[in-house]
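Per TrEMBL, the features are:
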type     : residues : note
TRANSMEM : 12-31    : transmembrane segment
TRANSMEM : 60-84    : transmembrane segment
TRANSMEM : 91-115   : transmembrane segment
TRANSMEM : 186-208  : transmembrane segment
TRANSMEM : 220-244  : transmembrane segment
TRANSMEM : 278-297  : transmembrane segment
TRANSMEM : 309-330  : transmembrane segment
TRANSMEM : 336-362  : transmembrane segment
TRANSMEM : 383-405  : transmembrane segment
Amino acid sequence: MSAARTRPDFRLKAAIFFAFLVVYLAVGYWLQIQHAFIMGDTLSRVAATQSVLFSRDPHLAALGFIFTPVAAMVQIPAIAFSAVWPHITTYAYSGTIMSAAFMAGAAVQILSMGIDRGLPRAYSVTITLLFALNPMIVFYGSNGMSEAPFIFFMAWAVRRLIMWMVDDDVHHLVAAGGIAMGLAYLTRYDAAASIGAAGLLVGITTYLRAKPPPRLRRAFLDLLIVSGPGFLAFLGWAAAGWLITGEAFAQFTSQYGNTAILEQSGQTAPNFADGLRFALICVMLLAPTLIPLALWVTMQRWGKPNWQVLIVPVAMFGAVLAFQAYSYAAGSTFPFLRFFIIAIPMTACLAMLAVPDGVFVTPTRRGKYAPLVSAEAPRRHSAARYVAVAATVAIGIPVTVIGMAQPDYAPQEYGLGAVLSPDPDNVTERKATEHRIARTFGTERKIAEYLDTLDLPDSSVITDTVYGFGILAASSRPRMFIIPSDPDFTELLNDPSGNGIEYLLAVPPIGRGTSDALNLRYPTLYDTGAEVATLELEIPNDGDGQPDWRLYRVNEPVG
């Protein structure tokens with residue numbers, strides 16, 4: 001690529017990144033700080049990251065091993081400034097900073113898919129805008145969830161593998177496998193499916209086009225380059241969890257993990273066919289033209305030069321969608337629309353492949369088994385073809401808006417109706433539920449504020465983080481809390497009176513509350529104080545799915 005072409009491309013990418021960084025940061029500020037609409041997983045990660053810096057026993061392992069670590073670890077620098085601006089943790093704005101940066105980066109990756117292939121600049125920018133302004137992308141680019149970094153790493157990996165198909169440059173395998181997919185796994189477990197798909201795709205491709213012996217060894221080496229780092233990330237994360245907690249896969253075996261949450265919440269596995277139908281509907285709500293667009297791209301590219309690039313997004317993004325569809329149909333995950341969000345970048349990627357190639361970027365080192373480069377100059381094509389594909393992608397935006405308002409498919413998103421359209425005169429049950437969702441964690445912030453005013457010393461209040469993370473994140477004095485990541489948690493919980501503990505924060509021993517460490521140690525604590533504490537305050541909760549809290553004062557030691 002010439003320097004003359006590189007400079008404007010870089011400026012365009014920088015402009016896209018900073019423009020959408022500002023958009024997502026602004027939306028996050030409006031949602032989370034002005035309207036206090038905060039996702040539970042976001043606030044939980046913030047509380048865990050806060051514990052790394054400001055708990056009674058600051059240490060990196062306080063992040064825990066239920067969530068994969070990337071989305072939390074990158075928030076550490078922002079949370080370090082929470083003493084200067086408490087909203088960073090109280091309203092989980094550190095999560096917004098994280099997701100905004102990654103989703104803006106994802107927009108740059110989508111744009112780069114067009115630039116890499118020399119597509120018209122206006123078309124590449126249009127598809128990028130349609131991706132970046134999709135309401136699900138805007139929401140998850142601003143709310144601090146792990147979807148943003150996952151989409152970024154997946155889009156990066158797919159983009160580099162598309163180019164590897166064209167020029168056989170090993171640098172693409174290193175970037176896609178050694179960096180992008182390894183970090184994708186440390187962001188979301190879904191990436192395991194794409195790591196496997198990438199290994200098969202690269203291994204088979206190398207075997208077929210590197211015909212001189214030893215082709216099998218070459219194929220295996222390329223497979224190791226692209227999938228080995230992801231496999232090592234899998235082993236490393238499991239080993240770290242086992243060494244520190246005794247559980248290699250805490251997400252599935254811990255009392256706080258996904259499997260336990262499903263059981264505690266009474267979630268039942270759907271009929272397998274119904275589960276697959278649910279997954280298909282979710283994909284259609286997020287990307288209604290995905291299947292027609294995929295068929296169109298196949299017809300346009302089949303048998304033509306570089307047709308094999310189509311396999312990359314279908315295999316990589318498709319593996320994630322298949323993994324999520326099977327997981328829900330098998331009853332091992334929740335019916336959440338966001339689990340299928342990868343369909344949106346998949347559609348954008350296919351749109352970039354649905355139009356004729358231009359002049360490809362010059363590879364860093366063209367591989368010896370790359371397909372032959374056509375000597376013909378790219379022809380000019382009618383603008384109608386580009387407009388038609390862009391219009392196909394644009395159809396997804398209004399459909400996604402409708403999908404996000406469906407409680408059966410979008411239980412975490414439809415509560416946005418209370419923010420976007422408060423309608424105080426609407427007395428329907430649905431609107432009441434929307435407002436409860438929007439109020440979630442407001443009670444926990446009030447509890448934190450009350451405890452802060454008591455001016456308690458460090459190590460005064462025992463709480464579990466099953467529900468208590470909202471209180472921890474909102475408190476200006478997190479060292480007053482004793483939490484499960486503290487090494488002396490069990491010792492202090494076993495004898496709160498003898499260890500000078502002043503308060504126990506209790507939740508009902510039902511649903512997820514059955515896994516609360518205080519309820520496990522003192523089964524009658526919530527109802528009677530279990531003869532170790534006396535009820536001081538009862539706090540009804542006006543948030544959705546949150547418990548009514550009871551604050552117990554620990555009894556004075558006898559004798």
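Quick reminder: no glycine exception, Cβ is built from N, Cα and C everywhere.
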Long-range Cβ neighbours of the transmembrane segment (60-84) (under 8 Å; 6 or more residues past either end): 41, 44-46, 48-54, 93-95, 97-99, 145-146, 149, 183, 185-189, 237, 240-241, 244-245, 247, 250-251, 254, 256-258, 485
Stretch among 91-115, 186-208, 220-244, 278-297, 309-330 sharing the most Cβ pairs under 8 Å with the transmembrane segment (383-405): 278-297
Long-range Cβ neighbours of the transmembrane segment (220-244) (under 8 Å; 6 or more residues past either end): 61, 65, 68-69, 161, 170, 173-174, 176-179, 181-186, 191-192, 195-196, 198-200, 202-203, 206, 250
Surrounding residues of the transmembrane segment (336-362) on its own chain - C-beta under 8 Å, 6+ positions past either end: 1, 106, 110, 113-120, 123-124, 127-128, 130-131, 134, 136-137, 140, 145, 147, 150-151, 154-155, 158-159, 162-163, 166-167, 190, 279, 282-283, 285-287, 289-290, 293-294, 296-297, 300-301, 305-306, 309-310, 313, 317-318, 320-321, 324-325, 327-328, 378-379, 381, 385-386, 389-390, 392-393, 396, 400, 403-404, 409-413
